[in-house]
């Protein structure tokens with residue numbers, strides 16, 4: 001399937017999405033779990049401006065449980081979680097941020113005296129859909145990097161019904177890929193088309209390299225050889241500085257970050273492949289070129 005992510009995402013950010021949102025008659029309930037993470041995925045979402053987090057919480061979703069954003073803590077928060085999954089049984093979406101440790105009985109991550117494994121199984125069992133958000137929740141991320149002392153894994157390694165699971169990887173993922181997926185689920189009550197890693201094709205259907213603004217320089221054989229050299233200053237291709245764009249599936253060149261203003265490559269830093277499984281081990285050292293077929297200088 002030939003998918004050009006940047007065009008689809010531009011459609012998602014178009015005013016038509018507001019019209020679709022206005023047609024929603026009910027707020028969908030979200031339960032958001034945190035495990036072994038840096039909270040970067042939530043931080044990225046908090047900085048979204050279409051819609052803003054304020055609009056999301058007040059007008060679009062019913063965010064019943066989110067450990068970073070909710071006022072409750074301790075036993076009060078535990079009770080909120082318990083009541084929510086009972087009240088909205090089979091009618092809520094579970095969002096999971098962070099890896100899940102399984103070594104030594106899962107003792108390396110406990111919340112309310114329950115392991116992350118226990119909580120994932122309990123909450124996703126009665127969820128309508130589950131969204132694994134970020135590299136850690138999708139594939140284990142940095143916590144799973146060698147030697148992986150806690151036995152960290154992604155959500156897909158824990159839950160049995162993968163038909164209810166969708167992955168939105170990235171470190172952090174672009175918040176609009178998450179929001180677009182969420183809106184799609186709200187409106188159509190199903191997932192968008194997925195690849196074999198359960199990533200939505202509208203966002204992960206092509207490699208970064210094919211949509212990069214520096215692609216012409218790659219094809220002309222113009223490369224930055226070192227950070228700060230003439231080629232780097234002129235915006236030449238970053239392949240020789242370790243850019244993983246040729247083997248990384250994501251829509252970063254089209255959607256960008258910071259209000260569609262910038263992304264790592266446009267700022268002069270090579271892509272590190274953070275939407276791919278086990279990128280931390282697979283692509284290090286980050287500043288060494290990745291092998292690609294038929295590459296000629």
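From the backbone N, Cα and C atoms, a Cβ is placed for every residue, glycine too.
In the record from TrEMBL, residues 38, 41, 136 bind [4Fe-4S] cluster 1; the candidate from 109, 171 listed for the same site is 171.
The [3Fe-4S] cluster site recorded in TrEMBL comprises 271, 274 together with one of 237, 252, namely 252.
For the domain 'NADH:ubiquinone oxidoreductase-like 20kDa subunit' (38-184), residue counts in helix, strand and coil come to 67 helix, 32 strand, 48 coil, using DSSP.
Listed in sequence order, 135, 169, 170, 171, 248 are the same-chain residues six or more apart from residue 274 ([3Fe-4S] cluster binding site) with CB atoms under 8 A from its CB.
The residues near the [4Fe-4S] cluster 1 site, meaning same-chain residues not in 38, 41, 136, 171 whose C-beta sits within 8 angstroms of the mean position of the site's C-beta atoms, are 37, 39, 40, 97, 98, 134, 135, 137, 141, 142, 172, in sequence order. Averaged across the domain 'NADH:ubiquinone oxidoreductase-like 20kDa subunit' (38-184), pLDDT for the predicted model comes to 95.
The number of other CB atoms found within 10 A of the CB of residue 212 ([4Fe-4S] cluster 2 binding site), across every protein chain shown, is 24.
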